[in-house]
Amino acid sequence: MDADAPAGYRDPSGRHGAVTLPARPEPVAFDADATVLIVVDMQNAYATKGGYLDLAGFDVSATGPVIERIARAVAAARAAGIRVVWFQNGWDPDYVEAGGPGSPNWHKSNALKTMRRRPEMNQRLLAKGTWDYALVDALTPEPGDIVLPKPRYSGFYNTPLDSMLRARGIRTLVFTGIATNVCVESTLRDGYHREYFGIVLADATHQAGPPALQEGALRNIETFFGWVSDVAAFEAALSSDEARRIPA
């Protein structure tokens, strides 16, 4: 491999032109047909006032622009033929999937702790079929998209994500969504350990907690696990002549 070539996955057959995306810590290349855009947990629970994060005391006031930028990333991906994967985090209405006191999730999940502290919230937070669990109105899956429920922070845990990606020859995962420092980072890390290239579009993500957690998560990702870019760069890369080139 050329030492000056950008990082990332390129089809070794040379049949497809690799897209080069400006990113930190260095530019990263990917093939559109070996890439998915992952939208992590853009549910009312995480992005809307009155949802779980808001009720648990987290600030969701800045999620509006994030939703708009995710919509742009989704539109750019679809126009380039990149499949979109949507995650929804939560459990069955009886919370069997959440685990009981023998599970660390029972002790650490802020949703479960909020419901124990406020019994009137029981079966309202992150329960499948509820408003809290639903995706925000501004973001809607389309036919051909993949929608996956997940019971823990990582999208690889107890889901068919890995097998679905491998069946389609996917090597690069582009991430958007909430929360950067929890489910986004957890899924990207798990992907890294499964040999996927992970890219985060930073301005299409939002942290759970103070802004320092966003900065820390992105720094951690770019230093150890993947690459960090933004929506405008993603749009520009996909609309470039390079992205449209398919060598004979």
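Any Cβ shown, glycine's included, is placed from N, Cα and C.
Copied over from Swiss-Prot:
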- ASP41: active site, proton acceptor (ACT_SITE)
- LYS150: active site (ACT_SITE)
- CYS183: active site, nucleophile (ACT_SITE)
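Overlay of Swiss-Prot feature records on the structure.
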residue: ASP41; record: active site, proton acceptor; Cβ neighbours (10 Å): 26
residue: LYS150; record: active site; Cβ neighbours (10 Å): 23
residue: CYS183; record: active site, nucleophile; Cβ neighbours (10 Å): 23
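It is 10 Å from the Cα atom of the residue listed as 'active site, nucleophile' to that of LYS150 (active site).
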